[in-house]
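J.: Checked TrEMBL, it gives:
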type: TRANSMEM; residues: A:12-35; note: transmembrane segment
type: DOMAIN; residues: A:66-277; note: domain 'ABC transmembrane type-1'
type: TRANSMEM; residues: A:70-91; note: transmembrane segment
type: TRANSMEM; residues: A:103-124; note: transmembrane segment
type: TRANSMEM; residues: A:152-175; note: transmembrane segment
type: TRANSMEM; residues: A:196-215; note: transmembrane segment
type: TRANSMEM; residues: A:258-279; note: transmembrane segment
Amino acid sequence: MTARRMLGLGYLAPYIAGLLVFTMVPFLASLYLSFTDYNLMSAPVWTGLQNYIDLFTSDRTFRRSLTVTLIYVFTTVPLKLAFALFIAYILNYRLRGINFFRTAFYVPSILGGSIAIAVLWRYIFATDGLVNMGLTAMGFEAVNWFGDPGNALFTITLLRCWQFGSAMVIFLAALQSIDKSLYEAAAIDGASKLHSFIFITIPLLTPVIFFNLIMQMVQAFQEFNGPYIITGGGPLKSTYLLPLYIYDEAFKRFDMGYASAIAWVLFVIIMVLTLVAFWSSKKWVFYAGDKRS
Amino acid sequence: MTQMTDTTLDLARQHANARIRKARINAAIRYVVLGIVGLVMLYPLIWLVGASFKTNSEIFANPGFLPQNPTADGYIEGWKTSTPYTFGTFFLNSFKIIVPKVIGTVISCTFVAYGFARFDFPFKKILFGSVIAILLLPNVVTRIPQYILFRDLGWLDSFLPLWVPSALAGDAFFVFMLVQFLRAIPGDMEEAARVDGANSWQTLVFIVVPMLAPALISVALFQFMWTMNDFLGPLIYISSVDKYPVSLALKLSIDTTEAFAWNRILAMSVLTITPALAVFFAAQKYFIEGISAGGIKG
């Protein structure tokens, strides 16, 4: 019996090694580095809270970058999830060709993170690019997408919303698993479509909404490729998300200590929001079969 | 009597017709919305393919798909790049990164998932908790010490930093997905094999792996796609141009040729997304099942 127990650990050996070497040690090391001044050339010098004090008192780039990141995450995630749910809802119907649409909507999720698509985004939102050609053809005025700080961030947001396919597939699978008799019962009781949606569909979807919310949030906070390629963080640092700032500090200026401090601020924000989501989920996530309601 | 039955029947028929009509309108509205959304979403990609065959002056003048004077210039010139290497080298590099990484991922994640799903051992709860924690842990927080570690190991400017963490089941998402998949499979067959004298290793290879095959294909496909698209990893670790994968090479093309040769960049963009697209269309069922089974990022 004990042999079998050890065997289980044996199968986990690669994972445990990786966990220690590539996750746990680096995790603690970056916490340590965030309290130091370290430029890779000489040994890290302990500076206590200095990096954090600098970040929050004198670093205007950081303040700007943090604000932009929060705006980006809090617009992108709800927009993307709402859109994914909307399309999944429309697809959840006995339609001929549903598989075709499901596939078509999933394609951007396959490619969205690639450099090629970021390149494409640069072209279609350029001053005389595809989007403006379409706008002027429809009688609207061309928009200066990358020249205006507000618009530039919006193009990055759109790039992520465009990749709604994976969230949609998860929503669709959940929608298809809802027992149809619930709707029939509600209809007999005189409930409208909207009522059924609000009081049956949404509550039964809360577990996947919760799952999608957390995953999308964690990823949105780490967006790098889009702004790096499309706008380079500009104009006026309006798309300079924290991962870009961390990259520049760490791998361009080799200020590893300061970069680690920014990374830890970002990590703490993500962790706090994740914990808030988990904690609040007890109040709004409904698990079928759960008796206390 | 018959009179009455007729009217009732008529009413019922009318009712049914109205319901069918309503269902048809409902379906029509859904098709219209799906069609418009699909077109808006996919047109940029379609345009990209058309534009890659346009001349430079036409790219910013013609919103249509079809080029007026089709030319393969973008492909021919773009392929050559402004470096001593062609895109052939960069594609080869991408595959040199991808193939070992995918193989390492599939093998290591199978072991680990098998261990989690079929064995009891000390600290199992904590260890499985760590899988979830890694799933949620932002990479950004471990990236800098990892870089320092790889530098100290002398692995910078090689593919090792991209291969090794994955070969040690570092992509927690895949472990999680396989564990979920395995837990849904009853262990009867494995029990029978054990009674017949098979050891755990034989059970894994001859019983579990064949049953896991569809999930393993999903793992391989996702890892292929994500590695193909990965930019930040190579950006940090690869510095010599002769080792660049296509994602870095494309960024290099933008930096060096942007001002005058748009169609080269668009043409190479088309080429770099082709492998992922081809794999997706060839095996889309595994993608969709993979996402629905494990829930996924992207």
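Each residue, glycine too, has its Cβ placed from N, Cα and C.
TrEMBL labels come from automatic prediction, so no person has curated them.
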J.: Okay, the transmembrane segment (A:70-91) and the transmembrane segment (A:196-215): do they have at least three CB pairs under 8 Å, pairs separated by 6 or more?
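T.: By the criterion, they touch.
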J.: Name the range, of those listed as A:70-91, A:103-124, A:152-175, A:258-279, that has the largest tally of Cβ pairs under 8 Å with the transmembrane segment (A:12-35).
T.: A:258-279
J.: So which residues does the transmembrane segment (A:70-91) touch in its own chain, when a touch means Cβ under 8 Å and the partner is 6 or more beyond its ends?
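T.: Distant contacts of the transmembrane segment (A:70-91): 98, 101-102, 105, 153, 156-157, 160-161, 163-165, 167-169, 171-172, 175, 197, 201, 205, 209, 212-213, 216-217, 220-221, 223, 241.
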